[in-house]
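Engineer: So TrEMBL lists the following for this protein:
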type: ACT_SITE; residues: 337; note: active site, proton donor
type: DOMAIN; residues: 40-165; note: domain 'Beta-hexosaminidase eukaryotic type N-terminal'
type: DOMAIN; residues: 190-494; note: domain 'Glycoside hydrolase family 20 catalytic'
type: SIGNAL; residues: 1-30; note: signal peptide
């Protein structure tokens, strides 16, 4: 897929100059929190708050109660968030030494109640949580922090929210929590909240992928759509067919089975699914580097050869190997941008088409349906790009999830025919389109044109896509963030919560961008005309 639109803009220089001047004007004002706003991203479903400021003990302890109290995922998650919250605090606070008389912190324990004993991560797993920051009973002046959840994954979402309530105060040199008491009851609007990462156009090392997964968890995204292979390279090890990764760029730009397993396990500890994609029959030229018989001819190297049993045996072998690593129930089969004319210009394929009374478009359908059949036989739910739906909706397996990308209006058509749908309209949710501002991403609505409530439930959610023709390790996070956060809030928060004006949202998004930077994520300025452009002048991160 070529998803590139880095278009020059004749007024860009003027816009940057204006931004630079306005930023210099703002230097004297500084940044002040608007205390009427809730600086939690994405915005919770329901909340109330007070006006007290509390201190949080850097030795904050964890008390686990309920059926899920022994889960390693939750204990590791608590330790991870504790490192984030107290990044600037030592084990013994200077503030505590200064206070001498009052050496008791307001919050010294986090209590998490987990009501389920399962840590299975399936689409639609309960991610809801209730967070209380409240005074303990009786005459005590102590406070307690409580997260009440059904699953460990809800607890992870609650810990993320708690971490965003905490902020280091440089005057007192302590971590403080403002606007207590808090009551937050929260749950996601959509079950599927994704980010596509393309590792075929450019290779991303395992540690970089892990850092992207970490950053996803901060915005409560929960699906990494790993577009692992494409026509340019085949970096993934397939033990049954070891020559396939001869199609990698180099011997060093590869993922072993162990690498992929590490990524999937790492993502699970953040409550994030990993959905693999094997795009067929197009976008597969790299496959033939190791197995040239997959090419119809040397002048027709994709789509894959539809005439040979070997093609489908190999696809089945790939699926069998991948299934051992990727347990997520959705599996992406691609199916987009297939140059079927190439088949018609290859003698043996042309003869096969004639023998089977097919035209190239019929062979395209035959290939997609056969790949779906193989995937379903391995208990996967197939996901296909929307071209398959546009071309032969009536023949697709009823389990098919239609993945929109070409433009608006596809999900309404798909759900009207009973299919599930994922929204990724490339006009607004393709992150490689650098001239799409955060407002357009934020205002895109996955349910647009779908008024029937039962049909709305067929929209699983949506996904922003980071195609990597012009992205590699040097600039990937700057291109993803903060614009992906705009989609993340759209997918998590209720329509009521999102009804505030863009000025309010922008204030909050500036704050979240700075939070990402404090956590080591190279998030670009929010309001520059071109995504990932560096700042145009000196100023606080809150106004760039």
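Using the three backbone atoms N, Cα and C, a Cβ is placed for every residue, glycine included.
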Engineer: Counting every protein chain present, what is the number of Cβ atoms, excluding its own, within 10 Å of the Cβ of residue 337 (active site, proton donor)?
Structural biologist: 15
Engineer: Please list, for the domain 'Beta-hexosaminidase eukaryotic type N-terminal' (40-165), how many residues fall into helix, strand and coil according to DSSP.
Structural biologist: 34 helix, 40 strand, 52 coil
Engineer: Per-residue pLDDT averaged over the domain 'Beta-hexosaminidase eukaryotic type N-terminal' (40-165) comes to what?
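Structural biologist: So the average pLDDT across the domain 'Beta-hexosaminidase eukaryotic type N-terminal' (40-165) works out to 88.
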